[in-house]
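Annotated in TrEMBL:
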{"type": "DOMAIN", "residues": "1-372", "note": "domain 'Major facilitator superfamily (MFS) profile'"}
{"type": "TRANSMEM", "residues": "21-43", "note": "transmembrane segment"}
{"type": "TRANSMEM", "residues": "49-66", "note": "transmembrane segment"}
{"type": "TRANSMEM", "residues": "78-95", "note": "transmembrane segment"}
{"type": "TRANSMEM", "residues": "101-122", "note": "transmembrane segment"}
{"type": "TRANSMEM", "residues": "186-209", "note": "transmembrane segment"}
{"type": "TRANSMEM", "residues": "221-241", "note": "transmembrane segment"}
{"type": "TRANSMEM", "residues": "248-270", "note": "transmembrane segment"}
{"type": "TRANSMEM", "residues": "282-307", "note": "transmembrane segment"}
{"type": "TRANSMEM", "residues": "319-342", "note": "transmembrane segment"}
{"type": "TRANSMEM", "residues": "348-368", "note": "transmembrane segment"}
Amino acid sequence: MIGAAMSGRIADLIGRRATMGFSEMFCILGWLAIYLSKVAVWLDVGRFLVGYGMGVLSFVIPVYIAEITPKELRGGFTTVHQLMICLGVSVTYLLGSFIGWRILALIGIIPCVVQMIGLFIVPESPRWLAKVGRWEEFEIALQRLRGESADTSYESSEIKDYTKRLTDLSEGSLVDLFQPRYAKSLFVGVGLMVLQQFGGVNGIAFYASSIFESAGFSSKIGMIAMVVVQIPMTTIGVLLMDKSGRRPLLLISATGTCIGCFLIGLSFSLQVVSLFSGETSYIALTGVLMYTGSFSLGMGGIPWVIMSEIFPIDIKGPAGSLVTVVSWIGSWIISFTFNFLMNWSPTGTFYVFATVCGVTVIFVAKLVPETKGRTLEEIQYSIGYVQL
């Protein structure tokens, strides 16, 4: 959460690319501290450093991807970030079954080093370069991203015009976020993150084995089934993102998570009244898999896509930090309270999650704008930050 809170300001000050390098240094030092630790305190130091780095990366990576990709590919490219997270977690779970935690920590350094090397190759975000007035570098970076033979004159002029109009506004701060002109985007960005987390994703992800055991199903088979469902559904979401649009995928995803939570709650209800005792474990499995697949399709990645699209460049730093902090706080609250909720009432817990997912459907249908096929400047024009 500390990294998330500082991420926007750091990215605005030193640029997107430098911020990623800054984050990876903390991650590398953290993994080394874990690997070399002889006492528990160094494990805590290592986890703190890795957590700080990941907090910063969770904001800057989707923002960087959104700022460098063309409008017709932006959604899919940004969601690939979520797909890579799914793959990384799955590979880590697999490796953790065969090797010790010290070697696993050492392996964790590898992607950090690869990204550090890659940062010497990739260009800086053209939109950030425009924001800080480095116009010559902006033109070079944009041309490099689009290809030497591409005509970037229209896109370049649109970004320049929009950025110059924003210079009439004060540099965005956390206080400035609560001005009326930012109200809709702030409500949408924060609202999606709150609904994403309070729909129960981390409770189900972290305690899936306990859920399966409570429902009378094999936790090992259930966990394997979750991984088998998660990666293909995330891949489908990436492929459909720029074809079907953000809103349809979000609506389908939220509806599926609502049904999934309802089925899990129903399985516990039937256990209480001793009805269909032989089938309740399969109802729970179906619910968990439906929730996992539906969440992976849209609610896992699309809120981060929309967060990276709807805020103008002058307040993207503080706005993105706020949204990211809200996400991490929500994640912590659900992870911390889930066991207490299950002790209170497994049935009630999942019916509450189902209700939140149902509210998400209404929230998306009424408030979330469609951003498919539009440049970042067109999206922000439509919200009304700067008039044409």
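We number each residue from 1, going along the chain as drawn.
Glycine is no exception: its Cβ is also placed from the backbone N, Cα and C atoms.
TrEMBL does not curate its annotations; it predicts them automatically.
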Model confidence over the domain 'Major facilitator superfamily (MFS) profile' (1-372) (mean pLDDT, whole number): 87
Folded-back contacts onto the transmembrane segment (319-342), same chain, C-beta under 8 angstroms, at least six residues removed: 1, 4-9, 11, 55, 58-59, 63, 172, 174, 177, 182, 185-186, 189-190, 193-194, 196-198, 200-203, 206-207, 210, 214, 303, 307-308, 311, 348-349, 352
Other parts of the chain folded back onto the transmembrane segment (186-209), taken as Cβ under 8 Å at six or more residues beyond its ends: 177-178, 219-220, 222-223, 226, 254, 257, 261, 288, 291-292, 295, 299-300, 302-303, 306-307, 310-311, 319, 322-324, 326-327, 330-331, 333-335, 338-339, 341-342, 349-350, 353, 356-357, 359-360, 363, 367-369
Dominant neighbour of the transmembrane segment (21-43) in 49-66, 78-95, 248-270, 348-368, by Cβ pairs under 8 Å: 49-66
Among 49-66, 78-95, 221-241, 248-270, stretch most in contact with the transmembrane segment (348-368) (C-beta, under 8 angstroms): 248-270
Contacting positions for the transmembrane segment (221-241) when only residues 6+ beyond its ends and CB under 8 Å are counted: 75-76, 78-80, 82-83, 86-87, 90, 93, 208-209, 211-212, 249, 253, 285, 288-289, 292-294, 296-298, 300-302, 305, 372
